[in-house]
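Working notes, beginning with the structure itself.
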Amino acid sequence: MAPVVLGMPALAQGYVTEDGYLMLTVARNLAIGLGLSVSDGTIATNGVQPLATLIYAVPYALTSGDKVTSLQLLHALWAAIAVAGGFAVRAFAGRILGPMGLGPVWAWLAAALWFCGPLLARHSMNGLETGLYTLLILLACLQFMRVVERGTEVSTGNLVLMAALLGLVFLGRNDGIFLVFSFFVVWLVHAVTTLGLGMGDLLRRLALPAVVCASVVAPWLIHNQLLFGSVVPISGPAQSMTAAFGNNATLVPAVLFEQMFPMLPIPGRFEQMPAVMAVAGSAVLGVLALFVWRSWRVGGAVRLVVMGYLFHAIAVSTYYGLFFGAAHFMSRYTAPLAPLLIVALVVAGWETARLMARQRAVAVLSVLGIASLVLSLGLLSRSPWSGQGHFQVVRWVDENVPADTWVGAVQTGTLGYWHDRTINLDGKVNPLALDARRQIGHVLHYVTASEITYLADWVGIAGWVDREGFGAYFEVVEEDPNANLGVLRRR
């Protein structure tokens, strides 16, 4: 809540990311009656995650669209979601660790490591769906365990709740489909191999949860297909257009290590070094191997929920590592895996300490846990108010461009929130720009044919005047590498 106490500019620049502002712009437009849209309500979009957008619209509805007051309310909401997430991590960890003989204090340690992780804290407050999505995953895991534990005696209410939560996981973020698929498959295998259900009983057991889950997600998918021609939001294809197979694979070991060891963030310049990849990858695989072995021995609901969550983690890591672009988002994409990985770390730490220190295992793990929390808190206390890299553009536009003048930019999250008449050019929230990129590989013709008077973004945009006669339409009025600012004006 520090940004709320400190006020501007910390409120605007402290936690909310560029993409976070994209979601908030759509949420605000929805709240003031412009629907799911950007660019002052003139361009419809589906380039957001629907559940978070709907929830984040509430503060704007309560304040008649006031941008600053709504940010204050949203920070309080994100903090509340993070606190709820901390308790959910504790509950999830307790359900896993208890059958392994670890007392409640170790579940609280896992929750504290998650809550105090410097990168995880920023992801939880980033203006996007990350914190909410993580909370929904944990609630789905807890309900899945409840269903499994009741076996053939499970009530209809518990089945419906599990299915509804899995549907909400998908609406929380599209890659939630991996968790939905994983849990349904694990549950069905369990029903056949352990409960001994025949095909008829199996289909009857599956039918209601499948219908409920599909009913939760169907409106969003139908909306996307009818209005945008695909069930996949346009932000996904826009970010994947420049992706090469395996482009992010070398980042996977480091980002998973950071989620598992939240007190040990790896500087970006080291993440893809072979030695770092080898050490980080070995640590993650070693911890997971010990954790899976221990979970398998415990059996029951612990084994099944760990397998389901782990299959989801493997699918997410594979998808974003091999098939997606936007490498700078890898940490955020994998952040919802942190609860599983941190619990795995606690289990592996306990088993290792027990084998090496025997009678002193509790003391050794306690010291390591306290040291980890102290390190996390020290890193967390570093000031995040230095800016998020886009407010130099906002300031220039605010000082030089009338509110009713159209501005274009590749990166329009921050700028588009503070200057309503902003047109997105990378296609993440603008289907017209995405179509232009798909058809001819650029948006230059789209820009020249539009109402855009200014282009304002990072300094590289100034180089557009040298491309395909674009200089005949626009001229450079600001090119400042030190400020990372470029501005073009229509001639």
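Just so it is clear, glycine is given a Cβ too, placed from its N, Cα and C backbone atoms.
These come from TrEMBL:
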TRANSMEM  73-93  transmembrane segment
TRANSMEM  105-125  transmembrane segment
TRANSMEM  131-148  transmembrane segment
TRANSMEM  155-171  transmembrane segment
TRANSMEM  177-199  transmembrane segment
TRANSMEM  206-222  transmembrane segment
TRANSMEM  273-293  transmembrane segment
TRANSMEM  305-327  transmembrane segment
TRANSMEM  333-350  transmembrane segment
TRANSMEM  362-380  transmembrane segment
Report the listed stretch (73-93, 105-125, 131-148, 177-199, 333-350) having the maximum count of Cβ pairs within less than 8 Å of the transmembrane segment (155-171).
131-148
For the transmembrane segment (362-380), name the stretch out of 73-93, 105-125, 273-293, 305-327 with the most CB-CB pairs under 8 Å.
105-125
Ranking 73-93, 105-125, 131-148, 177-199, 206-222 by Cβ pairs under 8 Å to the transmembrane segment (333-350), which is first?
105-125
Ranked first among 73-93, 105-125, 177-199, 273-293, 305-327 for CB pairs under 8 angstroms with the transmembrane segment (206-222):
177-199
In terms of Cβ proximity under 8 Å, which residues at least six beyond the ends of the transmembrane segment (73-93) contact it?
1, 3-4, 11, 15, 24, 55-56, 59, 62-63, 106-108, 110-112, 114-115, 121, 124-125, 127, 131-132, 134-135, 138-139, 141-142, 339, 342-343, 346
Interface-richest range of 105-125, 131-148, 305-327 toward the transmembrane segment (177-199), CB pairs under 8 Å:
305-327
When you scan the chain for residues with a C-beta under 8 Å from the transmembrane segment (131-148), skipping those not six or more beyond its ends, what do you find?
49, 51-52, 55, 78, 81-82, 84-85, 88-89, 91-92, 95, 123-125, 154, 158-159, 161-162, 165-166, 168-169, 172-173, 176, 179, 183, 187, 190, 300-302, 304-305, 308-309, 312, 335-336, 338-339
I need to check the long-range neighbours of the transmembrane segment (305-327): which residues 6 or more away from its ends have a CB within less than 8 Å of a CB in the stretch?
95-96, 137, 141, 144-145, 148, 175, 178-179, 181-183, 185-187, 239-243, 245-249, 251-252, 256, 288, 291-292, 295, 333-334, 336-337, 340-341
